[in-house]
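Quick look at what TrEMBL lists:
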- 28-51: transmembrane segment (TRANSMEM)
- 44-294: domain 'G-protein coupled receptors family 1 profile' (DOMAIN)
- 63-81: transmembrane segment (TRANSMEM)
- 101-123: transmembrane segment (TRANSMEM)
- 144-166: transmembrane segment (TRANSMEM)
- 199-224: transmembrane segment (TRANSMEM)
- 245-267: transmembrane segment (TRANSMEM)
- 273-294: transmembrane segment (TRANSMEM)
Amino acid sequence: MAFSNGTLVHPAYFLLVGIPGVGPDVHFWLAFPLCFMYALATLGNLTIILIIRMERCLHQPMYLFLAMLSTIDLVLSSVTMPKMTILFLMGIQEIEFSVCLAQMFLIHALSAMESAVLLAMAFDRFVAICHPLQHASVLTGPTVAKIGLAALTRGFVFFFPLPFILKRLSYCRTHTVTHSFCLHQDIMKLSCTDTTVNVIYGLFIILSVMGVDSLFIGFSYILILRAVLELSSQGAALKAFNTCISHLCAVLVFYVPLIGLSVVHRLGGPTTLLHVVMANIYLLLPPVVNPIVYGAKTKEIRSRVIHMFSQGGR
């Protein structure tokens, strides 16, 4: 049922499709690996946050930024995965209009915050490798806190208008969202009124937030690579670049699906299975992969995880 607010028509709820072309039986069995992914993401990110919180020797910029990244991933997975599990397991497709807008805002705002933290981590690696003597004076505790606050504020400010510019639209077409969660592009497509403002603002924020961040991250790594190649010792060069491997993996896991999703959406046309798969990879993979990569590649975190399990087994 839809209700009219003046000249606007808003649905009481949207219907989430899940994965197009996949029947209820397949959705049911997909719920179990999804539950496993959610448990893995929750356990992995909570473990990293607690280790960094408890170990004072890890209160350094690189680990503080990692704690921010894990916190964002923890909230992001909690915003998306439980509802997806209910959809797949029980077939409950309905999501209230206001809840859908809230989920959409959180997904986009948290993604912007994650992008900002990845940029901050790239800056940390740049200073540590290219200007090691200034690292402690540049990235002080208060500076790291200000960067985290700036990431939070920017994500909120840039994406706060999205629910309101979606509320100004009328939805008199189908109320079916062809994803397992609510995204701005997909809700916008359901409108039967002019969406020019939504298209322009959506393109503006994706370019000014994720676009600018990715350019600065790329520029940072060009400078890092140049500094590493100038080192006289091959061993020192490999050791310096090895500190960037985990961050590079996190950047690729985040930005490659994001760019792919942006490209397929900008091509227009109806939402296809490719759109849905790219969106699922973009939102579900980083919270699961990031703690595994950082846990495996970061010696300090790996040793403390092993110590925790060895203590627990006694």
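Placed from the backbone N, Cα and C atoms, the Cβ positions cover glycine too.
No curator has checked TrEMBL annotations; they are predicted automatically.
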* the transmembrane segment (144-166) vs the transmembrane segment (245-267): 3 or more CB pairs under 8 Å -> no
* Among 28-51, 63-81, 245-267, stretch most in contact with the transmembrane segment (101-123) (C-beta, under 8 angstroms) -> 63-81
* **Ranked first among 28-51, 199-224, 245-267, 273-294 for CB pairs under 8 angstroms with the transmembrane segment (63-81)** => 28-51
